[in-house]
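Participant: This structure is in structure tokens; I'll ask about it shortly.
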Amino acid sequence: MSKILVIAEHLDGKLNSSTARAVSAAAAVKPEAIDVLVLADNVDAIAADAAKIDGVSRVLTVARAENAHPLAAVLAPQIAKAADGYSHVFVPSTTFGKDVAPRAAALLGVAQLSDVMSVEGTHTFKRPIYAGNAIVTVEAEPSHVVVATIRTASWPAAASGANNAPIEALTLDVTLPSHTRFVELKQGASDRPDLQSASKVVSGGRGVGSKENFDIIFKFADKIGAAVGASRAAVDAGYVPSDLQVGQTGKIIAPELYMAIGISGAIQHLTGIKDAGTIVAINKDGEAPIFEVADFGLVGDLFKILPELEAALG
Amino acid sequence: MKILVGYKRVVDYNVRIQVKPDGTGVVTDGVKLSANPFDDIALEEALRLREKGVAEEVIVVGIGPADLTAHLRNGLAMGANRAIHVVTAEAMQPLTAARTFQKLIEKEQPGLVILGKQAIDDDANQTGQMLAALWDRPQATFASKVEIADGKATVTREVDAGLETIEVELPAVITSDLRLNEPRFIKLPDIMKAKSKPIDVIEFASLGIDSGDHLKTTHYAAPPKRSKGVMVKDAAELVAALKQKGLL
Ligand SMILES: Cc1cc2nc3c(=O)[nH]c(=O)nc-3n(C[C@H](O)[C@H](O)[C@H](O)COP(=O)(O)OP(=O)(O)OC[C@H]3O[C@@H](n4cnc5c(N)ncnc54)[C@H](O)[C@@H]3O)c2cc1C
Ligand SMILES: Cc1cc2nc3c(=O)[nH]c(=O)nc-3n(C[C@H](O)[C@H](O)[C@H](O)COP(=O)(O)OP(=O)(O)OC[C@H]3O[C@@H](n4cnc5c(N)ncnc54)[C@H](O)[C@@H]3O)c2cc1C
């Protein structure tokens, strides 16, 4: 029988919803147990949140001052140690998981699966390659622990509230390196919805033209309560910070509504929105490739159309 | 200080990937191959560090089939001092690639290894992290800014929450993100010069590496296609359509 260890992602003392998505993927394996591992300096609030997630059997915590920031070099040896006895270790495929999971896998001497989008059996999974242009079925050897990152856009967050899993403190006998030190995290301070979990996202591209012009995107997003995203071209040009980038090398998202405004629809951008519910494209070029994937397309000048949309919304 | 750079050849990012009808792979015959874009960025960063006097030597490493030579010559033309070609006809998974780099590190003793954050074919995003673990050294992944002084690298990383800065002691592994720099273009005289630069050829089999390829790809499929939707004529029609779907 399978036993799965899910590694919790958290920031500022709060559990990230990517963890509940990884729990959904774990549940799809139909395991005997799903344990969540919380590595932090202050574990209590995070562990309490994790214990509420449906399907979680136990929450294991390691409270150490070294765990204050998610440094892969510090976390990976603890994960490798805690993995003992588990058949699978699942980590969300966010920058956190992508940083730490391969390091833990290498310490365990096993290959790692990236971006699991579906579970076909206890050791059979599907994942995208070539920016999502091909989907491969991958079989892992049952003789090794399966270390995998979970493509968060493919999995709903497991429901939360009804469960009350036991929380147990874990003592791991590992020496942690001191060669890696956290300096700072500059967060794009914003009270808008989080890009990765928002149900609506409005993205702007190079067509928006400048940092100042991007206000029109923010204004419209606020009007409909959406998160804001951007193409790489818009980020490269300095219109918005890099954490807003959507695509192959940015965030992979699955909102119910995605509005691409002044974005041409390059394959690397589309990779990030393949699982969106409804895609709307607004572009002055009727031939733009974005219209090939849009559920609703509107050809025209974004500077004219956005105010009209706002007016139509009343 | 020596810098080792991963320089992988992949299907060019402009190629529209086609899955073979029998599901055994993707069509790679006759398609354009180029350096992994992240590896061009990794190499550019190494060259800039050499130009600043931080490093003396930049070595590009390619793991792949015998015909990889021309690709490695591009890396030399861009400015690397020399190349190492680990010859293998088989595609390998990141753990095996990392073990290969580890062997080269034992021999070359670099002060820094720069790899791409991901290769755009398999999109694994693993090799650098695995190498750092095997080498028992720091990793600074998804780097958008690198500063080196006093035996340390201060690296700004593009993470989901924003920009994170960490400090790592050297030697270390850094993986490049897209905004780290803009790679230079290769000039004709550089191509001529590259012809006389050395390429060490090492047979993969001679390295005595255990395969870490524990994953078997059994089937390739094209992704489900999104069907083309409808064009609306104006803002009012769009709002009505989205309201009807309960999205606004
Ligand atoms: C390895 C690699 C990884 C990449 N990763 C990503 C990624 O993660 N995310 C990503 O987005 N890109 C990525 N890219 C870049 C990608 O190839 C495209 O260059 C980028 O997505 C283009 O952004 P854009 O659509 O905003 O710009 P453009 O392609 O320049 O398109 C701008 C669009 O705006 C329209 N427009 C202009 N003015 C107006 C107006 N007034 N009103 C309405 N429409 C207007 C134009 O018609 C045009 O279609 C990557 C590239 C590489 C090589
Ligand atoms: C259909 C198909 C055919 C393939 N054919 C070949 C083939 O003929 N030859 C081949 O070598 N690979 C081939 N591959 C790719 C091979 O499987 C990958 O090299 C391996 O899985 C590593 O994954 P990655 O490159 O995505 O790793 P990532 O972890 O995403 O790579 C990150 C970085 O590690 C470094 N790196 C990784 N691998 C290499 C390498 N080989 N050389 C230099 N630096 C490297 C680079 O700096 C790269 O940017 C093929 C893949 C597919 C799907």
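Count begins at 1; order follows the chain as displayed.
Placed from the backbone N, Cα and C atoms, the Cβ positions cover glycine too.
Found this in TrEMBL, in case it helps:
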- A:4-186: domain 'Electron transfer flavoprotein alpha/beta-subunit N-terminal' (DOMAIN)
- A:ARG206, A:231-232, A:245-249, A:262-269, A:ASN283: FAD binding site (BINDING)
Participant: Tell me, how many other CB atoms lie within 10 A of the CB of A:HIS269 (FAD binding site), whichever protein chain they belong to?
Facilitator: 26
Participant: Would you count the other CB atoms within 10 A of the CB of A:ILE263 (FAD binding site), including those on all shown protein chains?
Facilitator: 31
Participant: By a simple count, how many Cβ atoms lie within 10 Å of the Cβ of A:GLN245 (FAD binding site), its own Cβ left out?
Facilitator: 26
Participant: Which of these binding-site residues, A:ARG206, A:GLN248, A:ILE263, A:ALA266, A:HIS269, are close to chain B by Cβ (under 8 Å)?
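Facilitator: Near chain B - Cβ to Cβ under 8 Å - we find A:GLN248.
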Participant: Counting Cβ neighbours within 10 Å across all chains shown, tell me which of the binding-site residues A:ARG206, A:GLN248, A:ALA266 comes out on top.
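Facilitator: The residue with the densest Cβ neighbourhood is A:GLN248.
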Participant: Going by DSSP, is A:GLN248 (FAD binding site) sitting in a helix, a strand, or coil?
Facilitator: coil
Participant: By the DSSP assignment reduced to helix, strand and coil, which category contains A:HIS269 (FAD binding site)?
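Facilitator: SS state of A:HIS269 (FAD binding site) = helix.
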Participant: Tell me the coarse DSSP state (helix, strand, coil) of A:ARG206 (FAD binding site).
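Facilitator: Assignment for A:ARG206 (FAD binding site) reads helix.
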